[in-house]
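Below you'll find the structure, written out as structure tokens, and then a few comments.
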Amino acid sequence: MARKTPIERYRNIGISAHIDAGKTTTTERILYYTGVNHKIGEVHDGAATMDWMEQEQERGITITSAATTCFWSGMDKQFQPHHINIIDTPGHVDFTIEVERSMRVLDAACMVYCAVGGVQPQSETVWRQANKYGVPRLAFVNKMDRSGANFFKVVDQLKLRLKANPVPIVIPIGAEDKFEGVVDLIKMKAIYWDEASQGMKYDAREIPAELADDAATWREQMVEAAAEASEELMNKYLEEGDLSEADIILGLRTRTIACEIQPMLCGTAFKNKGVQKMLDAVIELLPSPVDIPPVKGILENESEGERRAADDEAFSALAFKIMTDPFVGQLIFFRVYSGVINSGDTVYNPVKGRKERLGRILQMHANQREEIKEVRAGDIAAAVGLKEATTGDTLCDPAKVITLERMVFPEPVIHVAVEPKTKADQEKMGLALGRLAQEDPSFRVRTDEESGQTIISGMGELHLEILVDRMRREFNVDASVGAPQVAYRECIKKSVEQEGKFVKQSGGRGQFGHVWLKIEPNEAGKGYEFIDAIKGGVVPREFIPAVDKGLRDAVTSGVLAGFPVVDVKFTLFDGSYHDVDSNENAFRMAASMAFKEGMKKASPTLLEPMMAVEVETPEEYMGNVMGDLSSRRGIVQGMEDQVGGIKVVKAEVPLSEMFGYSTSVRSLSQGRATYSMEFKHYTEAPKNVAEAVINKK
């Protein structure tokens, strides 16, 4: 079967934003204009097409990044049909993992900002993730019809807070309730969308006289930015004082793909203005799979290899999301980087070392699905029938194996205990939690050895609340949930040398393991490190991995309160063995004993997670909010003014003090303040806090 759309006409984009910037509405409009949806779904009615889990529709926030395929030929049908895969990503800070996961498989992103709120803390997180994966992006300033909307303020915030290099390619005509349309700086025309056709039609007119000077100034900045793309364009610009439309687009496209600039547009998705222009920019300025470097990976012989985005390359793909669908069972969303695969073919998963048969292949449109026979380089689709694959796994041609770079997922910062309400729930709960943990790598499940309770861990209160809710709805499991617990860590502050000796000789085969370890603090963030410094075979080679294994197991539970020990370095420098009685188990035990004894002498310390908190509050409640943050051991780090007497307070607060904060910030401000928080780093807990935690254990 030949390719329907050439790969150069593919765009794999993510739509990413802070909660409430209007991202889901923007995506809905894209689906409407590209002809997929005939009735626009509104988030207000809980009917948005991309938000397809029940909780999302109730809460009006997006949790799962559903992948959708649509086609666009331009506002004037000026392009050949382009195949656009959209990955909708959540804006709530507890779901940052979803954003991270979709950034890995995108070629480009559209960042949506609210014209009133501008750049929010979550926007900074998403921006950092896009930088980490080198994702080219454009910015869309939404909600231009809202009171307090200011496009140019958001341009400045992108420069200041995100260190971005925004280049507006349109400027707004009016703002707030007088927002009428945009000036297209490339064509130098004013564009007004027709409200009766829900923005399907538009008029291009002369630029209003009062905007002529502004438009000329912004156009000049845009043309200069385009000219910097190459020497050839710069010479043209210097000679002629301007560039042709085609040259401007070429220059902007080159620099956008190189992540040097971010084209900026604006509009109001809710009122059907501006999204159409953004779609044109996606086609003109964002990369196709062949415009970005080939994907890299590790070949079977451990050397580095790569795969070009071409049909004639060997097949390679990355599984980036797992979902349980009520009708077809487990769906694995995957991005094809190279080659072609048909339903029924065998793929190899090098991470699990297993071959699997690819069952049906589905192209997803939010929650509707279309069965297709094959997928090619650049496609994003969902597979049914893969039993082994989990998020971040590579799928490839069994004859030409490559392992693509795996994703790294953050450690959870909060735990709660869950108890099934009945015996029948007990069995179903294990299955349900296993399924949910498979879908979401930032969610962990374990059994507490002492209490026998099931402990679930995640990225925040909302994250766990929604997972428990899904367990109730999708798996019919009723469970009661305990109070949230903080994920403390332990570390050491001093270096010590410690002996560990495990000897058991009571008839028959004995056990003998003996080690000397240097135990010292490691650099923050470095984690666990093991160094083998044995000379002259005093501990035989074959037992050294057992020492490493014993230590790895031991650091999962520290001596203060049983929390994992982080940032610690072990050097095995001496020891002894017995010809007959020594074995791996004995050395594992000896290492574990040395760690337990040594840690007690190495000034063990409790670490607690600190959160970056931002509170937006009307000025009159500022005192209450600041006082409350201080009473929670918060350190205020700065303040900013926003439109309409709103103040933004930034602080660092220990997570243990933030439980139930949403209720208390509402009562402090009569429901008018909002806040967001995300994990920042671990820091030493004050003595009184550490003692309280240790005594509780």
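Glycine is no exception: its Cβ is also placed from the backbone N, Cα and C atoms.
Here Swiss-Prot flags 17-24, 88-92, 142-145 as GTP binding site, drawing on sequence analysis. The domain 'tr-type G' annotation in Swiss-Prot covers 8-290.
Taking Cβ-Cβ distances under 8 Å and a sequence separation of 6 or more, the neighbours of MET144 (GTP binding site) in its chain are ALA115, PHE151, PRO172, ALA175, GLU176, PHE179, CYS266, GLY267, THR268, LYS273, GLY274. DSSP assigns ALA17 (GTP binding site) to a strand segment in the three-state reduction. In the shown protein chains, 29 other C-beta atoms lie within 10 A of the C-beta of ALA17 (GTP binding site). Averaged across the domain 'tr-type G' (8-290), pLDDT in this predicted model comes to 80. Annotation note: MET144 (GTP binding site) sits in a coil segment as assigned by DSSP.
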